[in-house]
């Protein structure tokens, strides 16, 4: 390809990527930001606060115009600070900034205090790590790929002559097999053909991948494994493209003729005896703080903090262009940084209440995403009921639920996280999966033999398209404070009593509760044979029956990992080795795969933290629950997936003396 043609490709590609010959645009002189003083240490952070933090870093000479900020997050106050805080006193506010210097390939962490007098409390080099990918890395990688003549030639051989017909998907690639290169910042670029449409994921350009070294500023390897035909199906799913539509259903609407049942003050929510704070973390997404329940005038603690700690999606195709694909959607990309604003009447009910989320992007510019979190009530069905057949009398209560919803799009996949509060004192955590399955282009005849002889590693969903088998593993971090910070962990196992004198009819079974006394002992797996669940209790507190107060974690759908134990992806995501972990609280232990999973060699996070085997009896206990979903695709999930739901529940066990929903009065006729 001649110089003129190459320049044309490059010009179009740079225009699409938002680059110009002048380089990356920066705002070097911004007016001073004065953050409004919040009224609580866990009030949601504002744009002004993030702006103030970055200005303090610049003023003290720590960052330059080329510094990238992959992560700017609230540095939460300690539990001691929260317990000692009194309304009207100065509110402790800090920001943790992860700063990356591309020219030096160095990562720094800064803790910035905003509480007057504002200052940079610490500036620390973090050696041997790569921070999460951000827009800067994506744009830079795309520019370098389109500059490479081998790339444009490979597309030309496939009949693609217009770069604007290609969408480049940039992936974190994990550690390099070349030890000399592994310290560099590396990504892989995967092309999808979109043509003149806006549908980007239905037609992969199979077998073509660019390995990009962002440190050396070049494509260091081009993988080109032949010329599989580009699929023809564009994967359209908009209303105009799908064909004849069914009649529009009559609307089903939940109204509030007497007003909503929840109140909102800043980011603090009160509803039906529940009280909590909700915020959006740029890495973890929605975070619940200080979850309490008002019981006969006494506000009782349940959770200090609840969040999605990490998530990994490993793919099951052994081919070299696929075997490395394992996306850490939280640690490598930032779940909160991928917010998709929620639309009323589409994502959530039309009468939902919304909260925005403030962020600082990787250039240091503060911004706000509208409708980041939705709160709404919905029909909860029958809450409790008994029909007295003798008196012909029915005592029943219809319940309502409060749902906290957050939506995110990580390239092709969409996720919703729902935290569902109920009037019986239970809380349900639900992950909702939808979006577009990751497609693999194959010759048109592959996968046409039906279910019995489909592709071993995926399923044909369109002509020339196989959706590859994969798994999703979510690690939820639950910092329990059940009636206070001193808690213990029990495992509840049910099992039949062996036939014999104690069980002459063979019908008996028992439930035993075994204490998990240390962190190593608390690495536990699912057991359907024992209806296994886990109970977090406060041994010092008793209910009216003399039982220790507690909350149980009840698993829902789950799955074991299929990757081999020594598989690199599984080593990097060591948290998936067990469904349940418990650790003694430590302030810096927030991310199940470690703070920097991007290009990590593995072993970080939970597998390392539990090695010192800290005690868990009468301690400040943190529970980590691994939720696994195995996805073997089907044609009905193409070109966009119906939602799939998975999750777990938190149920009071001895926390109350009787059914806490008995005090719900009868509602008006419905």
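The backbone N, Cα and C atoms fix where each Cβ goes, glycine too.
Just so you know, TrEMBL annotations never went through curation; they're auto-generated.
DSSP assigns residue 329 (active site, proton acceptor) to coil in the three-state reduction, outside any helix or strand. The feature active site, proton acceptor is assigned by TrEMBL to 329 (among others).
Its own atom aside, the Cβ of residue 413 (active site, proton acceptor) has 21 Cβ atoms within 10 angstroms in the protein chains shown. For 413 (among others), the entry in TrEMBL reads active site, proton acceptor.
Counting residues of the domain 'AGAO-like N2' (48-121) by DSSP class, helix then strand then coil, yields 18 helix, 27 strand, 29 coil. The domain 'AGAO-like N2' feature in TrEMBL is assigned to 48-121.
The domain 'Copper amine oxidase N3-terminal' feature in TrEMBL is assigned to 131-230.
What TrEMBL records for 254-662 is domain 'Copper amine oxidase catalytic'.
Residues annotated as 2',4',5'-topaquinone in TrEMBL: 413. DSSP gives residue 413 (active site, proton acceptor) a strand state.
With a 10 A radius on its CB, residue 329 (active site, proton acceptor) counts 23 other CB atoms from all the protein chains. When pLDDT is averaged over the domain 'Copper amine oxidase N3-terminal' (131-230), the result is 96.
Each residue contributes its Cα atom, and for residue 329 (active site, proton acceptor) and residue 413 (active site, proton acceptor) those atoms are 10 Å apart.
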